[in-house]
Amino acid sequence: MPESRCLQGIWSSPWIFIFAASGSAVGLGNIWKFPYLIGENGGGAFLLIYCACLLLVGLPILMAEVALGRTVRSNPIDTINDLSERRVIHRFWVVVPWIAGLTGFLILTFYSVIAGWSIGYFERAISGDFVNISQADAASMFDRLLASPGEMLLWNSIFVGLVVLTVGQSVTRGLAALVRILLPVLIVVMLILAGFSLEEGEALEAIHFLFRWSWQDITFGVVLSAIGHALFSLSVGMGAMFAYGAYMSKRMSIARACSAVVAIDLIVSVLACLVIFPLAFAFHIDLDSGPSLAFVSLPIIFGSLPAGQLIGGFFFLLLVIAALTSAISMLELFVAWLHEKFYIARFKAALLLGGAIWFVGIAVLLSFNHWDRKVLFGLNFFELLDQLTSLIMLPLGAILLSVLVAWFIPRTVLRNEMITRQVSHFKIWYGVLKYISIPVLIVITVAGWIGV
Ligand code: PHE
């Protein structure tokens, strides 16, 4: 198929896919969520299981998703429709991109609230609110933010506005340039912060916690949350990578590109732990304090740094941009579909979806204060959306998508798409996907659901 067939354009250079996909992968999941998941799930054991999930489940499925996107060069919904009309696959599979798109949509409703907190913290950092802040003050600063829906709504509106403005443009143009600068700068800043934190905090305790292993820590629940997070962190299972794969040059090896994305994603997640844990130990911050972990410990770090006001502001700005490049990819599936199917201008489509996300976001931010009520299964609305998407919808989307690729798309189509010079590489990927990734994902997900 000629490169020009794709309506949204093609990444201008083969390498740009790596940047754009890493921009989607690296986000709040790495810096905000990963450290508290490790904290809640017992440290090293979780890290090891997580790495295994990345390699055995995340990477093969990521490759499957990208390959499928590149095969047809259209948005995920039309791709599957097209394949079913040509009777390559059954009509049932049309549910897959819809589940994927809906998952992305639901995630974005709370993702943008958390990204809004980061904007709020950017403002606090540059106004010097962190200077010499104590642990108690940092905790109450975060509590005050959660208690004020008005402020959260302001930041959330700004973030959703930014998402609409950026995704309203063509992602194949500006996005890559942004991520190309963002990623290296983010990694360097995090390296500096990790160095500081290890020097000033309890480095030994932190490293011991991060790499300790204990069989007791391993339960199906822990493995399920590791798998769920591996999918979330790689942006797999909701059509984002599918959409980006459609814009990928045929000259790029999918295996190489996806491995690079996984490596970058893991590096940023581990760095986030090395920034947060040493100081969290030094200041006796509970590692299993959940979503507040990063927002309580980071201000303390910046507050005690010599140029903390500037570095803190810069860090939260980078975090907002990282969240933005992830959020864009969550909306890309529907925006591209509305654009290609109904010829709705990208900006209008983005505005429509952004409005709906903003609206549901109001319920999410109220669930931290006025509406902090258990809605279902003892969870409030935010927790419900978080668990529903990362423990049920994401694994389900990923299972369906990989079963579709592994068992229903003709092998020759995939073989041509992978364009690897070594036949053995293709065979390894195909075998791992079919006989390891899919069974493991199904067993762990179902076991986690029934609470084994
Ligand atoms: N991978 C992103 C993160 O870790 C979140 C994301 C999920 C982005 C799904 C796109 C799709 O922050």
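Please read every residue number as a count from 1 along the shown chain.
Each residue, glycine too, has its Cβ placed from N, Cα and C.
Residues annotated as transmembrane segment in TrEMBL: 12-32 (among others). Same-chain neighbours of the transmembrane segment (12-32): 66, 111, 114-115, 118, 171-173, 175-176, 178-180, 182-183, 186, 229, 232-235, 240-241, 244-245, 247-249, 251-252, 257-258, 260-262, 264-265, 268-269, 272, 291, 294-295, 319, 322-323, 325-329, counting only residues six or more beyond its ends whose CB sits under 8 Å from a CB of the stretch.
Within its own chain, the transmembrane segment (44-64) has Cβ neighbours under 8 Å at 37-38, 209-215, 217-218, 222-223, 225-227, 229-231, 233-234, 236-237, 241, 254-255, 258-259, 261-262, 265-266, 270, 398, 401-402, 405-406, 418, 429, 432-433, 436-437, 440-441, counting only residues six or more beyond its boundaries. What TrEMBL records for 44-64 (among others) is transmembrane segment.
Sequence annotations record features per position, and here TrEMBL assigns transmembrane segment to 92-114 (among others).
The annotation transmembrane segment is assigned in TrEMBL to 152-171 (among others).
According to TrEMBL, the transmembrane segment annotation covers 178-198 (among others).
Feature annotation from TrEMBL assigns transmembrane segment to 218-245 (among others).
What TrEMBL records for 257-283 (among others) is transmembrane segment.
Note on the transmembrane segment (314-338): residues 7-8, 20, 23-32, 75-78, 97, 100-101, 104-105, 107-108, 111-112, 114-115, 118-119, 121-122, 125, 159, 162-163, 166-168, 171, 175, 178-179, 182, 185-186, 189, 193, 235, 238-244, 246, 298, 302, 344, 346, 349-350, 352-354, 357 of its chain, located 6 or more positions outside it, place their CB under 8 angstroms from a CB of the stretch. The transmembrane segment feature in TrEMBL is assigned to 314-338 (among others).
Counting same-chain residues at least six beyond the ends of the transmembrane segment (350-368), those with a Cβ under 8 angstroms from any Cβ of the stretch are 105-106, 108-110, 112-113, 116, 146-147, 149, 152-153, 156-157, 160-161, 163-165, 167-168, 331, 334-335, 338, 344, 375, 380-383, 385. Under the heading transmembrane segment, TrEMBL lists 350-368 (among others).
According to TrEMBL, the transmembrane segment annotation covers 388-409 (among others). Within the chain, the transmembrane segment (388-409) has long-range Cβ neighbours (under 8 A, six or more residues past its boundaries) at 57, 60-61, 64-65, 67-68, 71, 83, 88-90, 93, 95-96, 99-100, 102-103, 106-107, 224-225, 227-229, 231-232, 236-239, 242, 430, 433-434, 437-438, 441-442, 445, 448-449.
Taken from TrEMBL, the feature transmembrane segment covers 429-450 (among others).
Contact between the transmembrane segment (257-283) and the transmembrane segment (429-450) is not supported: fewer than 3 Cβ pairs lie under 8 Å, counting only residues 6 or more apart in sequence. Sequence-remote contacts of a segment are chain residues at least 6 beyond its ends whose Cβ falls under 8 Å from one of its Cβ atoms, and for the transmembrane segment (429-450) they are 56-57, 60-61, 63-64, 220-221, 223-225, 227, 255, 391-392, 395-396, 398-399, 402-403, 405-407, 411, 414, 418.
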